Amino acid sequence: MKKKNIYSIRKLGVGIASVTLGTLLISGGVTPAANAAQHDEAQQNAFYQVLNMPNLNADQRNGFIQSLKDDPSQSANVLGEAQKLNDSQAPKADAQQNNFNKDQQSAFYEILNMPNLNEAQRNGFIQSLKDDPSQSTNVLGEAKKLNESQAPKADNNFNKEQQNAFYEILNMPNLNEEQRNGFIQSLKDDPSQSANLLSEAKKLNESQAPKADNKFNKEQQNAFYEILHLPNLNEEQRNGFIQSLKDDPSQSANLLAEAKKLNDAQAPKADNKFNKEQQNAFYEILHLPNLTEEQRNGFIQSLKDDPSVSKEILAEAKKLNDAQAPKEEDNNKPGKEDNNKPGKEDNNKPGKEDNNKPGKEDGNKPGKEDNKKPGKEDGNKPGKEDNKKPGKEDGNKPGKEDGNKPGKEDGNGVHVVKPGDTVNDIAKANGTTADKIAADNKLADKNMIKPGQELVVDKKQPANHADANKAQALPETGEENPFIGTTVFGGLSLALGAALLAGRRREL
């Protein structure tokens with residue numbers, strides 16, 4: 001009987017121990033899971049609230065968030081510390097100036113930190129608080145209801161990947177505000193894409209990182225330099241293009257093209273560049289024959305630099321041109337004063353004193369005393385006294401007496417430019433070339449001529465062509481034969497001329 005009782009007590013003890021152990025095992029398996037869920041929820045709540053505390057600076061906020069990540073079990077304590085610090089840093093002056101009572105301030109603060117309101121909703125509630133502070137409690141109640149109704153479901157809450165992506169994107173230094181906000185919004189919209197969004201954000205951040213070589217790549221530097229030297233941009237336009245280059249160096253080529261287009265569009269028109277006086281001076285200086293290229297270029301540059309002194313510059317250029325003009329030996333222009341007939345017997349402006357009519361010395365019409373042949377009063381054709389060759393006084397070709405303005409005495413003419421004339425047309429009409437006319441007249445540009453301008457034109461006529469024509473025009477007298485002309489008609493003409501001169505002297 002005693003043994004049976006001992007066995008029963010032992011059996012009861014084993015049973016109690018088994019039940020106790022089972023209870024402990026069951027309790028130990030459930031408690032950690034529940035605790036983990038609670039910690040996660042507390043961490044998320046603390047994370048949201050810390051992010052939206054307006055009086056924390058970036059370093060403080062990042063420190064609290066890092067603490068939440070390191071030990072989620074301390075979320076409540078971390079949140080408490082953050083709230084204390086946030087409250088202690090709240091601006092006092094603003095609260096006093098805005099005359100917000102305690103209810104209004106509390107509602108204002110809570111609404112600012114409601115994570116599920118969008119910006120329009122948040123701003124609407126805040127405006128209602130400002131409009132009627134006495135309704136602060138009611139406004140706050142409505143805001144809380146809306147915030148809770150828009151709260152993400154438990155399965156859509158921010159998981160660890162999303163939180164990590166959110167934190168990293170916030171601290172990427174090369175993203176601008178618009179880019180950063182875009183990635184954060186994408187994280188909120190679809191947390192399942194957190195890894196992909198973080199990867200994209202990192203790529204963009206790296207691509208926008210400043211380069212080690214002065215931040216500007218080659219294209220950007222080139223565009224920067226060219227835009228600085230575009231003369232027709234104003235300061236505002238130039239600064240705008242430069243700022244755009246800094247903001248996005250990848251668009252350097254496009255920005256430079258736009259700047260060039262604008263510069264060309266604003267370039268002064270040709271007819272506005274030079275005023276009338278400047279154009280006239282420019283043209284005249286180009287055609288001053290005695291200036292060197294260096295002198296001509298100097299005057300033209302001065303005209304460009306200051307069009308307002310065009311008259312003075314032109315006057316100086318003319319003075320220098322006149323001073324450098326070649327001196328004339330006989331102070332006459334050959335072939336002009338004698339109507340292009342060289343070799344008159346008086347060797348000085350032949351034909352001018354007697355109104356260009358040969359034979360005037362005896363007061364009669366030319367050629368009457370010598371068988372109706374003009375110029376017979378001296379027994380020879382003009383220029384015969386120097387061995388029958390007109391213009392031979394100096395043993396040179398006709399018209400060469402003073403070495404100036406070639407071609408005046410040898411059949412060359414002066415062409416006065418008419419409206420519509422071109423150098424090529426003048427050259428064709430006179431049997432010469434445009435280059436020859438340009439060279440004879442020292443034209444800087446053979447296309448730059450103006451109406452009224454006189455051009456020396458080489459007509460390509462042999463020097464003795466006129467004499468040959470005259471000789472052929474008198475075949476019946478035999479004057480084309482030098483011997484007959486000298487012995488017979490020459491003698492008679494000399495005798496008759498001498499008699500007439502003697503008679504005229506007696507009359508005088």
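Yeah, the Cβs are placed from backbone N, Cα and C, and that goes for glycine too.
From a predicted model like this one, the values you see are computed outputs, not experimental measurements.
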The annotated motif 'YSIRK-G/S signaling motif' range in Swiss-Prot, which must be one of 7-18, 31-42, 283-294, 439-450: 7-18
The annotated region 'Disordered' range in Swiss-Prot, which must be one of 60-80, 123-143, 228-248, 459-479: 459-479
Residues in the repeat 'Immunoglobulin-binding region B' (212-269) grouped by DSSP into helix, strand and remaining coil: 41 helix, 0 strand, 17 coil
Mean predicted confidence [pLDDT] for the domain 'LysM' (413-457): 83
